[in-house]
Every structure is written in C-alpha cells, then in structure tokens.
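Taken from TrEMBL, the feature region 'Disordered' applies to 1-23. Taken from TrEMBL, the feature compositional bias 'Pro residues' applies to 1-16. According to TrEMBL, the transmembrane segment annotation covers 30-51. Residues or ranges marked as domain 'C2' in TrEMBL: 108-227, 239-334.
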Amino acid sequence: MFPEPPTPGPPSPDTPPDSSRISHGPVPPWALATIVLVSGLLLFSCCFCLYRKRCRRRTGKKSQAQAQVHLQEVKGLGQSYIDKVQPEVEELEPAPSVPGQQVADKHELGRLQYSLDYDFQSGQLLVGILQAEGLAALDLGGSSDPYVLVYLLPDKRRRYETKVHRQTLNPHFGETFAFKVPYVELGGRVLVMAVYDFDRFSRNDAIGEVRIPMSSVDLGRPVQAWRELQAAPREEQEKLGDICFSLRYVPTAGKLTVIVLEAKNLKKMDVGGLSDPYVKVHLLQGGKKVRKKKTTIKKNTLNPYYNEAFSFEVPCDQVQVSSDLPFSKNPDPS
C-alpha cells in the first residue's frame, strides 16, 4: 500500500520565509504627510520662479517707458530754455527809444586850452599851448606823460613840440610857437595840435588832437579858447626804410655823440630805381636848430653803410633827446 503523506508541521527556524506570503500593511500617516509637503514645496517653488520672471519682464518694459518719458521732458525743458535765452528773430522787437537819450557811449579824451594871435608886422602866427585837462590815461599806472605836437597843414616838416610833463593828466604847458606864414596864405592852412603820451622805450601813443581851419578864425584880435580832443585819424604811413644809429652822452664832459651806422630798404627816388642817400643830423634846443651835420653821400644804393660819428656840446641841464635824422637824395647846399 502507499505510504501516507507527512503531516506539515511548523516550519523550522532555519527555513527562510516565503516572500509571496508577506502581506502589505497600510502607509503610515507621517510618510503621507511628508510626501504631500514636499510636493507642495516643489509646486510653490515653480510658481514663484515663474512669477519672478514675469515681474522682471514687466519692470524692464516700465523702466524703458519711463526713460523715454524723462528724455522727452529733458528735451522739452532744454527747448524752453533755448526759447528763453535765444528767441526767434521774428520775436525780437527794437526797444523803445527815450527822447534825448544818447545811445552811443562817448569816450572822453580830455580838452586843450590854446591861444592864437597873428603879428602883422613880422608875418607870424603865434600859437600858444596853455594847458590840458582830463586827459586819457594810457600808462599802466593810470596816468600819462603828455606833450603837444603843433604843425600847420599841409606842411608837416615844420613842427614844434612842448616839453614832456611826467605823470599827470592835467598838464600846464605855457609855451608859444611862431609860424612864419603870409596872411594871404593863412586861410588855406589847418592848425593841428596833437597830444601824445611819451614813452621812452616804444612808440609814443596819440591821446587826441584838435584841428582848426584857419579860415574859420578871426585873427583881428587875440583868441583864447578850450577845445575837446578828438580821436586822431590813423594814417597808414608809407614805408621809407630803416636807419641804425647810436647815441652816447657823457655828463661830466657835456658831450653828446651820435653815430650813424647804416640804413636799409630806403625808398627809391631815382629813375633807375636807386638813390644817392645821405643823413642830416640836427640838434634842436627850444624848438630851434642850433647845430647840424651831415654824412657823406652814398651813390646808387638803397642800403647805405656810413659808420660816421658826430659830436655836440650840450650842457647836462639841456639834454632832451629828440631824434631828427632826415634823409636826402641830393646834396643840400646849406
């Protein structure tokens, strides 16, 4: 007969359990809460990132719009300032003029007092330079060194100078000069009294002048008057050439030495385009020629070389240098 199957007993402890027989229990509540919390955090992070990105886009657009608005305001403000500072030409209207108001600003040069008299016996016009007031200051210190140059046009060669008065705008001259002119010719002359500011190291500056047509003056009796100085006309002088000379004065010996060295670029006087120049040296005292000397004649040249010295006896108290070195084309018989 067949044997009976063995009855299953309790499993031995050495036998491993069957996995198919393990039953799944319910999920713990804390695990479910953890899963929900993590999922919520992830969803919130994604939503927050999307919101920040969108806000940044809106902020950038708004900033660009505000910048455009501010730029337009600045342009408009600048245009308003331009309109205020520089209005249109059509908007400019001349200011109403006040009757009797002088628009031009008059520059005061000062005034000169002079006297005129004619000596019919000697045929001389006596011109007195008396004084000046309120002269223009041409020096840096706010003053001037004025003197007056007097001549009768059209003759400019015969001219007289007053003494130089230092550092004053109200000089008192008190000097008289005589011009020998026939009375019948006096009507066509013009008396010029020009006031200059003396400068030792540069060209003297003209302060102003007074011009009197002699045809408008009644010389039947002496004349004394004040005249306002007028601006001297600027005349473009013709280029006549240059001269090189030196001066030396020895006070102990009372000796003045004038050395005429050379000349350059003289004016052409001959038909062939050259000249025969020489130099005359005059010593003036009180407006009168007391001494005169002249150099040798250099033939057919516009650049003569002389190197000739002349000496004059001049007391120390009478020294007032005024160079007068006229050129001449031909020999002077005097």
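Including glycine, each Cβ sits where the backbone N, Cα and C put it.
Note that TrEMBL annotation is computational and uncurated.
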For the domain 'C2' (108-227), how many residues does DSSP put in helix, in strand and in coil? 7 helix, 65 strand, 48 coil
Please work out the mean pLDDT for the residues of the domain 'C2' (239-334). 78
